[in-house]
Structures are given as C-alpha cells and as structure tokens.
Amino acid sequence: MSRVYNFSAGPAMLPEPVLMKAAEEMLDYNGSGMSVMEMSHRSKVYLSIIENAEALLRKLMHISDDYTVLFLQGGASQQFAMIPMNLLGGNRKVDFIHTGTWTKKAMTEAKLVANVHVAASSEDKNFSYIPENYTFSPDADYVHICTNNTIEGTVFTHIPDTGNIPLVADMSSNIMSEEIDVTKFGLIFAGAQKNLGPSGLTVVIVRNDLVGKHGENTPVFFRYETHAKEKSMYNTPPCYSIYIAGLVFEWMDQLGGVKAMEEINREKAQILYDFIDESEMFTSPVDPRYRSLMNIPFAAPNDELNKKFISEAGKAGLLTLAGHRSVGGMRASIYNAMPVEGVRKLVAFMKKFEMENK
Ligand SMILES: *Cc1c(COP(=O)(O)O)cnc(C)c1O
C-alpha cells in the first residue's frame, strides 16, 4: 500500500488514524455485528454515534445551548437556497460581502427570493483581498459572508460587526481550522468534505431564535425547524458521514482541540508562504494580509511551467495541485488532515523544481 499527499480542495485528505479506525470497525462496529453503513439510524447504537458527534462538535467549537446543531445533506450549495427560505423577514433583503466564486453562487440563489445588496466586494482586484469597509443596509434580514475563499485563497482576519443583523457564514473550507467565537454568528454552515469528514454531510449551526422564521410556503423539508425538532432525524441522515465526522472530532480532541489545530495550520501555511516569498519562480496572487491558511494558490511564470510542475509533482506523490480552472496555476489545499510533513515535502519539491528549471 502506498499513500500520497493529496492537496485536493475537496473532497480532501482525512486523518490516517480516522481511516484506520473506520477500517477496523468496518465489519463489526463496537460488537454490534454490523457495519455503521448497515444500521438503522433509529437504533440505540447509531443514536450514540450521532449524539457523540454532536457533543464533540459542541465541545470543540464551544457552541452553547443557544445554538442548534444540524447534520443535513445537500452540501453547502443547498444552504445557499435554504438560508433565504428560512431567514428572510418582511424586508426580504440580504446583504453580501462579495469575495469570490462561492458568494456569487450564494447570491444567485438569494436573488430568486430576496433583494440582494452588495455591502462590499473585492471583485475590482480579482478577489485577491477581503474588503474591510462595508455599508450594511439597516433593514437587512441577514448578512452573508464566506470566511475562507477556497478558490481565491483569501480569509477574513476580522469578523465584521453587523450589530443586530444576523451574520451568516459559509465556513466550508475553514471550519475548525482556527478558533472562532460562535456567538458572533447567527448561522454557520459547512459542507463536511474539506475539514470535517466525507461528502454527503453538511453541518449547520444556527442560533435558536433564527429557527422557525421560514415563510409559510417553505416546503416542510427545507425548514430548519423540521430538522431541529427531530434532532437531524426527520428522515435518514447521512449516517456513515456523520460517523466519520465523529471520528475526526475525536482525533482533533485528542490533539488538543481547535486551538492545537490552529497552531499546526499556522505552521504549515507559514512554511509554504515563506518559501513562495523567497522564491524567484513562484508567486502568490493574494494580498499578504488576507492569505488563507487552508487554500494556497501560487504560480510559476508561464503555463508551460505550471503544467510541468503539476505533472512532475504528481509523479513525486504530491497530488491534485492544479489551480481552479478560473484561476489557473497551482493551488495547495492544506486542511486540518494534511500533515506538516506533506507541506515540507511540497516545499522541498518546489525548491528542486525551481533549481532545475531556472
Ligand atoms: C466547497 C465549497 C462549497 C460547495 O460545497 P458543496 O458541499 O459541494 O455544495 C461552498 N462554499 C465553499 C466556501 C466551499 O469551499
């Protein structure tokens, strides 16, 4: 068996101890005589799995009882549609801080049912920074941001103060990568496949007063209230993905929680950015003040070199380094599960490539 370092933006690497534990438990979970994939979601043994996952998530992110945690399906993209269905009030007005591809997609959905106001945008510089001057509509029902822009490689370093307007955050690519204060947010959502587990699971953390605000024509299935009342068991949840996410939470907890994760993530990103900054070949398109710890785009001086880099890196066991098609160049996604060693290997390879291709 040989495993590679996978720099994919998502689905992404999972911690090896988690995969090993899942393999061990594949045929017989905890004496049940069956795989977690084969169990009734209503069984006692499965209930303890989902309850344990929620408890660990709450512990790791310091989520109080003022918030409901939901384990849903449909990906972060379904939330782009579900959030306006559930959070719009009489004003039907949403403010966005527009920072790239994912806020654009969220706006497309919101525009179908709401008046969308762009409170700030970084489109003028190709989304290479995070705007810091915003003008929020006083009557907005909520403000939507994307805390880490997976494709562009930018991150919010200060969470905007929206006063009494609920702040909604797409944290798909940086949830649990650094400490955050949940109380600053009305709703946090994330597809699991970057930092939390396998695809198929979407985590929603919503302040209790925002549950039950849906319009009366909102389909029952798309109401947060429906899933909150049934503890994410209104219908069959993504059972196996929740189980793996629970193992990921256990792994994080043993490492020292989100604070410890953040320290490791800062170290990893620093190693890569330090090299990009000293390199005469590779450049970063992102304003250094807003560089993501998770997704790091970089490029060689021309497309021919980029292609050669991606191909040779692949042969060296460093995979999925092509940049998003809208940005080009390369992108290294170094989520929680990427070991420091993987980043060191990448930098050593970049050094060698630079020497050989001067
Ligand atoms: C990956 C990603 C999405 C889309 O997630 P799906 O689960 O595929 O719908 C949305 N927002 C951000 C920030 C992402 O990184």
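Just so it is clear, glycine is given a Cβ too, placed from its N, Cα and C backbone atoms.
The L-glutamate binding site annotation in TrEMBL covers Arg42. Around the Cβ of Arg42 (L-glutamate binding site), the same chain contributes Met233, each under 8 angstroms and 6 or more positions distant in sequence.
As annotated by TrEMBL, pyridoxal 5'-phosphate binding site applies to Ala76, Ser77, Trp102, Thr150, Asp170, Gln193, Asn235, Thr236. For the recorded site, Thr150 (pyridoxal 5'-phosphate binding site), the DSSP three-state label reads coil.
Feature annotation from TrEMBL assigns domain 'Aminotransferase class V' to 4-346.
If you look up TrEMBL, you'll see Lys194 marked as N6-(pyridoxal phosphate)lysine. Residues near Lys194 (N6-(pyridoxal phosphate)lysine) in space but far in sequence (CB under 8 A, at least 6 apart, same chain), listed by position: Ala9, Gly10, Pro11, Ala12, Thr150, Ser172, Ser173, Ile175, Met294, Ser333, Tyr335.
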Candidates near ligand 1 among the binding-site residues Ser77, Thr150, Asp170, Asn235, judged by a Cβ under 6 angstroms:
Ser77, Thr150, Asp170
Listed in sequence order, residues with CB under 8 A of Ser77 (pyridoxal 5'-phosphate binding site) and six or more positions away:
Lys105, Gly191
Among all protein chains shown, how many Cβ atoms are found within 10 Å of the Cβ of Asp170 (pyridoxal 5'-phosphate binding site), not counting that one?
29
Sequence gap of 6 or more, C-beta under 8 Å: which same-chain residues meet both conditions with respect to Trp102 (pyridoxal 5'-phosphate binding site)?
Ala76, Cys146, Asn149, Thr150, Ile151, Asp170, Ser172
